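K.L.:
First the structure, then my questions, so here it is.
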Amino acid sequence: MLATRVFNLIGRRAISTSVCVRAHGSXVKSEDYALPVYVDRRDYPLPDVAHVKNLSASQKAXKEKEKASWSSLSMDEKVELYRLKFNESFAEMNRST
């Protein structure tokens with residue numbers, strides 16, 4: 001009877017200690033919902049932020065060309081500028097899966 005109590009106590013401590021050790025290193029990172037986020041939704045057509053946040057050198061050059069006349073831009077450059085702001089077009093969003 002005494003041995004059963006001792007093993008019971010040791011077993012409980014071992015379990016609770018191992019649970020504490022496992023839970024100690026895990027940090028849960030919560031998302032800050034105060035900051036605007038990008039969403040692709042038909043009912044929310046203009047998101048608060050652009051799809052691409054960190055621009056490459058070629059993307060920055062295209063953004064500089066955007067400040068000039070749009071008639072001087074090719075169709076591919078216009079599509080590239082669109083893709084910087086949006087991930088999907090309305091046609092792509094409306095496409096059935």
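For all residues, glycine too, the Cβ spot is worked out from N, Cα and C.
According to Swiss-Prot, the feature N6-acetyllysine maps to LYS29, LYS53, LYS60, LYS67, an assignment based on similarity to another entry. Residues or ranges marked as N6-succinyllysine in Swiss-Prot (evidence: similarity to another entry): LYS29, LYS60. Marked as phosphoserine by Swiss-Prot on the basis of similarity to another entry: SER56, SER58. The feature transit peptide is assigned by Swiss-Prot to 1-22.
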K.L.:
Sort the modified residues LYS29, LYS60, LYS67 by C-alpha distance from LYS53 (N6-acetyllysine) and give me just the closest.
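P.N.:
So, spelling it out, the nearest of the modified residues is LYS60.
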K.L.:
Nearest to LYS29 (N6-acetyllysine) by Cα distance: which of the modified residues SER56, SER58, LYS60, LYS67 is it?
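P.N.:
Among SER56, SER58, LYS60, LYS67, SER56.
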K.L.:
Can you check which residues sit near SER56 (phosphoserine), meaning Cβ under 8 Å from its Cβ, same chain, 6 or more apart in sequence, and list them in order?
P.N.:
none
K.L.:
Over all shown protein chains, what is the count of other CB atoms within 10 A of the CB belonging to LYS53 (N6-acetyllysine)?
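P.N.:
Here the count is 8.
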